[in-house]
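A.B. asks: Before we start, here is the structure in question, set down as structure tokens.
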Amino acid sequence: MTPASLSDALHAALTDAVADGTFALDPADLPTTVHVERPRQREHGDWATNIAMQLGKKAGMAPRAFAEELARRLAAVPGVSAVDVAGPGFLNITLLASAAGELVRTAVEAGAAFGRGDALAGESINLEFVSANPTGPIHIGGVRWAAVGDSLARIMQAAGAKVAREYYFNDHGGQIDRFAQSLLAAARGQDAPEDGYGGAYISEIADQVIAGAATAGRPDPRTLPDDEAQEAFRAAGVDLMFAEIKASLHAFGVDFDVYFHENSLHDSGAVDRAIARLRALGRIYEKDAATWLRTTDFGDDKDRVIIKSDGEAAYIAADLAYYLDKRERGFDRVIIMLGADHHGYVGRMMAMCAAFGDTPWTNLEILIGQMVNLLKDGQPVRMSKRAGTVVTIDDLVDAVGVDAARYSLARSSTDSMLDIDLDLLTKATNENPVFYVQYAHARTANVARNAADAGVRRADGFDASLLDHVAESVLIGALSEYPRVVAQAAELREPHRVARYLEMLAGSYHKWYDQCRVAPFGDEEVTDLHRTRLWLNDATRQVLANGLGLLGVSAPERM
RNA sequence: GCCCGCGUAGCUCAGUGGAUAGAGCGUCCGCCUCCGGAGCGGAAGGCCGAAGGUUCGAAUCCUUUCGCGGGCACCA
């Protein structure tokens, strides 16, 4: 019996009681799903619900009386061992070991599919994340979105959604011009321009541009007239930077389905078409030689310039076209992950969405994540390219490896600022909870090996009623929560829930391991208890592997 | 000034109205005669920033307030 089937049983009991008039409620008053949760205290049973406290008053009954009646009906359900009413009206439910343990078989047999669900079935989602400017390597701030975004994509896919990962590549505009100027200056041995980029990577890329031109038999770009030279460095430099970013992300385990170039929106006329569309809808006006979008009609603080008075498209013009492009590619849900420093965009982006006739927060969803704070010796360090204190995605991976990096970035809520202490990270890797979880997985693999050596085989027997140790019912309860954790993480867009869940599951497993032996001692005879425990061991292994997979973290057989 | 996020154990952080507020790391005490001790058991450590309110019940929701971070362009 799973929490879902228990929830269904509760719902059925409520429906019956309403139908026969015991509860003076309208069927519409009943929630579609009755929420059950694992009680904090083990003595409170396997599952608990507060439904009696929610509905009692509505039915004109004392919550406890309501609970008593519901308990009576639920106790008759097969698989339910005991139902107690506690406190103000909690229903504490204990399952028969045999009923609870069936989940173990379900999990093993479902394999990699265990935990997949339909919470997001039928949704076609475009998830944009990272989208760092190609003016330098991805630094530690951007890495957070790489880890969280990719995990979110995996989780939403597990929840049944069709997801495209997308990276928006800002290869147009002033920042890129400054990047090109910086490359040119470095190539000619000059100082970086005002507001330019001065890191060591700039001269490295400049050298590569020069070398690339030589290989291709083109003239040395340094010798061209200024504007041609700058364009040569721009075109080649952006490509090189792009390749580097892509390679770094790939090494981090993150591959995008689409790398979308902003330039293409301008070149293809998509920007003009988007503006024409809005003009036809009456959302556009001209003022002070600029073209404006009336975003204040849709809740924005002020109207936004989309074509500047110098005739150039403002940044948001490309956003209009990009959003429209995504929608026209068939995505009914466009999700964009942005850092807190871009929070100011939300209002205008939602207004833009509404201006097209779409529904803000439904067709367009913007997730704001707080920034990463870099610490050294416990003190915050301001990252500066000149001071050499920039920490890139590659630095992080070199220091701690992909698993530890991804896990530590994905395990906390993006609503919270994240402190990353480099010194701590580089020397004390065992302080990362990822190893606690991975070790649990390695341990399940080891137990399985030992069991196999001792001649314990799953196929020879499974008797769920034998899983009656407290540690086993706790572990089974933990396993049974996994599908709902995945669904919830997907719906709330919160991958960290999966990580926290895995830590809890690993804890339950370690405790079980300590108390319940799987492989027989010495010449002890192999019994169904050993076999059934091997099922439980393997079910845990499967869930740990599935969960780590959603985070893009490996599940090692040995450590 | 206005908008958003966050103030929970020594540190880093979970906890989308429920029962005695949790984990990892750090500190202290135990456990290798049998599945790997990267583990387990136990202890210490909290006025959940503060004050009001909502209700059977608030770390969680509302208001106010203090502190920290971020944002308020014809930059991208």
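Using N, Cα and C of the backbone, Cβ positions are placed for all residues, glycine too.
Automatic, uncurated: that is what TrEMBL annotation is.
Okay, these came from TrEMBL:
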- A:4-95: domain 'Arginyl tRNA synthetase N-terminal' (DOMAIN)
- A:437-559: domain 'DALR anticodon binding' (DOMAIN)
- A:132-142: motif ''HIGH' region' (MOTIF)
A.B. asks: What is the three-state DSSP composition of the domain 'DALR anticodon binding' (A:437-559), stated as helix, strand and coil residue counts?
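C.D. replies: The breakdown for the domain 'DALR anticodon binding' (A:437-559) reads 89 helix, 0 strand, 34 coil.
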A.B. asks: Which residues of the same chain, at least 6 past either end of the motif ''HIGH' region' (A:132-142), have a Cβ under 8 Å from a Cβ in it?
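C.D. replies: Distant contacts of the motif ''HIGH' region' (A:132-142): 169-171, 175-176, 178-179, 197, 199, 201, 238, 241-242, 244-245, 248-249, 339, 371-372, 374, 383, 385, 390-396, 420.
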A.B. asks: Averaged over the domain 'Arginyl tRNA synthetase N-terminal' (A:4-95), what pLDDT does the prediction give?
C.D. replies: 91
A.B. asks: Which numbers of helix, strand and coil residues does DSSP report for the motif ''HIGH' region' (A:132-142)?
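C.D. replies: Helix, strand and coil residues of the motif ''HIGH' region' (A:132-142) number 3 helix, 1 strand, 7 coil.
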A.B. asks: Of the residues in the domain 'Arginyl tRNA synthetase N-terminal' (A:4-95), how many are helix, strand and coil by DSSP?
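C.D. replies: In the domain 'Arginyl tRNA synthetase N-terminal' (A:4-95), the DSSP-based counts are 39 helix, 17 strand, 36 coil.
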